Amino acid sequence: MKLTCVLIVAVLFLTACQLIAADDSRDLKRFSRRNMRDGMLNTKNTKRQCLPPLSLCNMADDDCCNDCVLFLCSYY
């Protein structure tokens, strides 16, 4: 009975730690889905042509290397 309680508390503690870590890493720009996808696609044979900042863009084509904000490529 004691072992079962200890295991339940340990699982709940580890689950809470995972949820806390997931919430903290969500807002980091260096781990965004777009950057992860670009990292997988950028090999020696694939080169991506990026639009310059403040160029017109849309969400479907995604030619901006950063983000498309209000139909304009952003800086950073």
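One is the number of the first residue shown, and numbering goes on along the chain from there.
Including glycine, each Cβ sits where the backbone N, Cα and C put it.
Copied over from Swiss-Prot, here are the features:
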- CYS50-CYS65: disulfide bond (DISULFID)
- CYS57-CYS68: disulfide bond (DISULFID)
- CYS64-CYS73: disulfide bond (DISULFID)
- GLN49: pyrrolidone carboxylic acid (MOD_RES)
- 1-22: signal peptide (SIGNAL)
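Here the signal peptide (1-22) has no long-range neighbours, meaning no same-chain residue at least 6 beyond its ends has a C-beta under 8 angstroms from one of its own. Here the CA atom of CYS50 (disulfide bond) lies 12 Å from the CA atom of CYS68 (disulfide bond). GLN49 (pyrrolidone carboxylic acid) sits 13 Å from CYS73 (disulfide bond), taking the C-alpha atoms as the reference points. Rounded to a whole value, the Cα-Cα separation of CYS50 (disulfide bond) and CYS73 (disulfide bond) is 10 Å. Cα to Cα, CYS57 (disulfide bond) and CYS73 (disulfide bond) are separated by 6 Å. In this structure, CYS57 (disulfide bond) belongs to neither helix nor strand by DSSP; it is coil.
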